[in-house]
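Asker: For 1-24, the entry in TrEMBL reads signal peptide. Under the heading region 'Disordered', TrEMBL lists 48-71, 172-205. What TrEMBL lists as active site, charge relay system is D148, H207, S386. The compositional bias 'Basic and acidic residues' annotation in TrEMBL covers 173-183.
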Amino acid sequence: MSKCSGSPLAVVALCLSVSTPVVASDGTTTRYIVHFEDVLVEKAMADEAAPATMSRPSPSPSPSPSWHRGRLATGGEVMELTAAEADAVAASAGVVAVEEDRMVTPAGGIVDSLWRRQWYMHDPKVGIDATVAWVDTRGDGAVVAVLDTGITAHPEFDGQLLPGYDFITDAQGARDGDARDADPTDEGDWTEPGDCGSSRSEPSTWHGTHVAGIVVARAGNVQGIVGVAPEAKLVPVRVMGHCGGRLSDVADAIVWASGGEVAGIPSRPPVDVINLSLRLHGACGVAMRRAIEQARSRGTAVVAAAGNDSILASTVSPANCPGVISVAALNRDGGMAWYSNYGDGVTVAAPGGSLGQFGSDDIVSSVDAGARTRQRPIFKYYAGTSMAAPQVAGLVALMRSADPLIGVDEITTQLVDNARPLPGPCPKGCGAGLIDAGATVDAVVEDRVLPRPGT
Ligand SMILES: [Ca+2]
Ligand SMILES: [Ca+2]
């Protein structure tokens with residue numbers, strides 16, 4: 001069957017009228033919408049008995065029978081044509097227009113249903129201005145490690161994850177029946193009364209899944225939220241289980257994620273940034289200090305939550321470790337959140353939620369619905385410096401994507417130099433202010449040294 005035989009009738013009209021010689025092409029076809037003058041369609045309908053006399057626009061002796069793809073409600077015909085055929089058709093009498101049947105994308109690229117609730121990303125006063133940064137990059141090429149409770153299956157992570165690891169040595173705390181292994185799945189951190197020094201039972205938090213969503217949740221998949229760096233990749237590393245995690249496991253996980261050698265575990269290339277939404281009281285100990293020093297020496301930036309104790313950030317680790325980007329939390333009004341740690345130990349601040357009467361003033365992200373074990377993916381509002389830190393980690397991923405050669409010290413400098421004054425009060429100290437993803441990535445792009453190696 002040629003492109004000019006049989007129905008639809010409008011195509012018949014087209015082929016009767018093609019007169020321009022067709023130039024040979026490479027044969028690659030594209031979808032086009034061909035619009036005809038109404039009169040020609042009518043004529044074709046009247047002349048339906050004449051298909052045997054038709055010529056065809058293609059020089060090919062046996063074009064595909066599937067070249068006609070349908071008819072628009074408004075009358076245009078969708079055809080699969082080579083560029084040469086399309087040119088010939090366009091030049092033909094009776095053809096009003098030939099337009100490519102292009103792919104449309106969501107306006108602004110954001111159709112995710114909870115986007116409007118992600119005030120921390122786009123609120124003109126208290127948001128981090130992520131959409132401005134996305135003009136330059138959405139994180140393509142950058143890799144973030146989240147060292148947390150592990151990860152659960154969620155549509156927001158489809159295609160977003162690289163192989164991670166379970167660093168929890170204690171099988172009982174890990175709840176997976178073994179020590180360290182290659183599966184970073186979160187087995188739940190629910191507690192019974194009397195566990196972990198608490199008299200109450202608590203449901204599983206799926207904390208690592210919430211933190212990970214803030215960094216890399218997929219954009220444009222209709223569902224849920226958008227991460228700060230939706231085109232970056234995430235390495236989920238499990239360091240906390242029932243009642244938390246051991247410092248030794250966290251330190252080893254920092255070394256591994258940053259490309260160092262950990263006995264018995266295959267090493268990986270250094271990630272661009274490690275997020276630590278965890279803390280322990282006291283000075284920065286030797287284990288944590290050494291692990292972070294090593295990570296930084298391999299080019300991995302380290303971001304840590306300042307902690308939710310309403311105390312000096314300099315009294316909790318790893319926020320107080322040298323070289324760490326420590327993040328305080330802001331409430332919905334842009335002042336310091338009541339729970340946030342503060343003071344000299346804070347590098348910058350990011351929205352963490354009000355933790356007040358309205359959940360919608362907190363940070364929405366991905367979690368599992370299970371009260372104890374995994375059930376199904378959902379979204380929930382959480383508040384804390386744990387939610388503020390991954391916004392900074394996501395921004396670091398955008399910076400590395402914009403300039404893969406930017407060093408760890410320059411990353412801190414740019415975050416600090418481009419932070420905005422706080423929209424609300426923080427008399428006890430919130431570092432350089434509210435991170436500004438747009439201004440920071442713009443500055444990184446501007447300061448990028450050109451030409452780049454290999455380009
Ligand atoms: Ca395990
Ligand atoms: Ca999404």
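Positions of Cβ are set from backbone N, Cα and C atoms, glycine also.
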Asker: Using a Cβ-Cβ cut-off of under 8 Å, list the residues of the same chain that are 6+ residues beyond the ends of the region 'Disordered' (172-205) and lie near it.
Answerer: 149-152, 163-166, 236-238, 240-245, 249, 264-265, 367-368, 370-374, 382
Asker: Whole-number answer please: how many Å between the C-alpha atoms of H207 (active site, charge relay system) and S386 (active site, charge relay system)?
Answerer: 9
Asker: Non-local Cβ contacts of D148 (active site, charge relay system) (under 8 Å, 6 or more apart, same chain)?
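Answerer: Listed in sequence order: H207, G208, V211, A212, P236, V237, R238, V239, M240, N275, S277, L278.
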Asker: Run through the Cβ atoms and count how many others sit within 10 Å of the one on S386 (active site, charge relay system).
Answerer: 28
Asker: H207 (active site, charge relay system) has how many other Cβ neighbours within 10 Å of its own Cβ?
Answerer: 22
